[in-house]
């Protein structure tokens with residue numbers, strides 16, 4: 001086959017038009033072995049093109065798949081990736097900024113699953129960064145749910161890093177799979193447990209953690225009266241780089257569904273407000289009666305697309321990030337998605353079932 005004809009073009013400005021298109025496209029290119037060209041990267045953003053965290057993510061994927069990467073510089077709006085063989089072993093990525101280690105994991109994890117042996121990923125940057133999942137979310141929510149697809153990885157937080165310095169480090173060990181299995185999550189059940197952590201790091205006073213926790217508990221109590229809510233205030237010890245404060249609250253259901261609300265403190269924002277923001281986010285994600293929260297939705301799409309068989313996941317309103325991930329997954333794999341609206345007669349809840357006939361990608365390196 002003529003290699004030029006085999007290059008798949010991805011429009012980086014469609015739909016959500018952000019870094020997520022890069023992550024899903026690069027990972028699927030690596031796994032399927034199809035060369036891609038991504039154009040108009042982050043075209044609609046205030047600073048278009050690649051930012052440092054996008055660049056380190058692309059370089060990480062290229063390293064994992066022994067690929068060749070063209071156009072990969074800060075500010076570049078067009079890149080090409082020609083993947084080679086997926087390599088196990090050690091891989092390092094450093095955003096050099098507070099760019100999110102969780103977003104680095106999002107792009108690297110699917111790739112490492114298709115290696116010939118386990119991989120060690122050393123990811124450096126922000127662990128609790130704005131506009132990205134906090135590492136606590138990745139470990140407590142994303143990990144247990146994504147492992148339902150039949151994969152397994154370990155996450156060791158060596159050092160937490162906060163905006164603007166970053167400086168955090170997470171070591172991730174990923175074991176390869178022969179293939180991913182389809183997942184069904186359609187029954188929410190009842191919320192049985194609510195817990196979390198409110199943290200301060202660096203020079204910030206411990207009182208902030210207590211205030212965030214108390215405000216969050218008060219907010220949740222108004223709506224959920226019967227459960228004991230345990231949000232621990234914590235002073236991060238020496239394992240932190242920079243100053244930061246934040247909160248993550250997790251709800252568990254009787255069927256094993258997990259939901260979260262989280263927020264990070266900013267200069268000049270009262271701690272109470274941070275706690276309330278996280279609590280309201282959690283409550284919003286419990287109300288729709290879906291099985292995943294709005295942040296997990298789009299992160300599961302690539303695994304549904306790669307898995308063998310039909311996956312079904314009940315969600316709240318389908319986010320633009322999710323629609324974008326589906327668009328890219330259908331473009332770069334044989335997966336087929338449908339979204340069905342479900343009206344609940346007894347309440348005003350509207351939720352959706354995202355169904356995917358997975359492409360059943362097999363690991364030929366194992």
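In case you wondered, yes, glycine gets a Cβ from its N, Cα and C as well.
All annotation found in TrEMBL is predicted automatically rather than curated by experts.
Lifted from TrEMBL, the feature list:
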ACT_SITE  321  active site, tele-AMP-histidine intermediate
BINDING   106, 295, 296, 297, 298, 299  ATP binding site
DOMAIN    15-339  domain 'RNA 3'-terminal phosphate cyclase'
DOMAIN    186-286  domain 'RNA 3'-terminal phosphate cyclase insert'
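The separation of the residue listed as 'active site, tele-AMP-histidine intermediate' from residue 295 (ATP binding site), Cα to Cα, is 9 Å. Sequence-distant neighbours of residue 299 (ATP binding site): residues of the same chain at least 6 apart with a C-beta under 8 Å from its C-beta are 106, 133, 142, 146. Nearest Cα neighbour of residue 321 (active site, tele-AMP-histidine intermediate) among the listed binding-site residues (296, 297, 298): 298.
Here ATP is bound by 106, 295, 296, 297, 298, 299 per the record. The longest Cα to Cα distance in that group is 13 Å. According to DSSP, residue 298 (ATP binding site) is assigned to a helical segment. What surrounds the ATP site, by Cβ distance within 8 Å of the Cβ centroid and not counting 106, 295, 296, 297, 298, 299, is the set 133, 142, 292, 300, 301, 321, 322 from the same chain. In this view, residue 296 (ATP binding site) is surrounded by 25 other Cβ atoms within 10 Å of its Cβ, with every protein chain counted. Secondary structure of the domain 'RNA 3'-terminal phosphate cyclase insert' (186-286) per DSSP (helix as H, G, I; strand as E, B; remaining residues coil): 34 helix, 37 strand, 30 coil. Spatially close to residue 298 (ATP binding site) yet at least six residues away along the chain are 20, 319, 321, 322, 324, 325, judged by Cβ distances under 8 angstroms.
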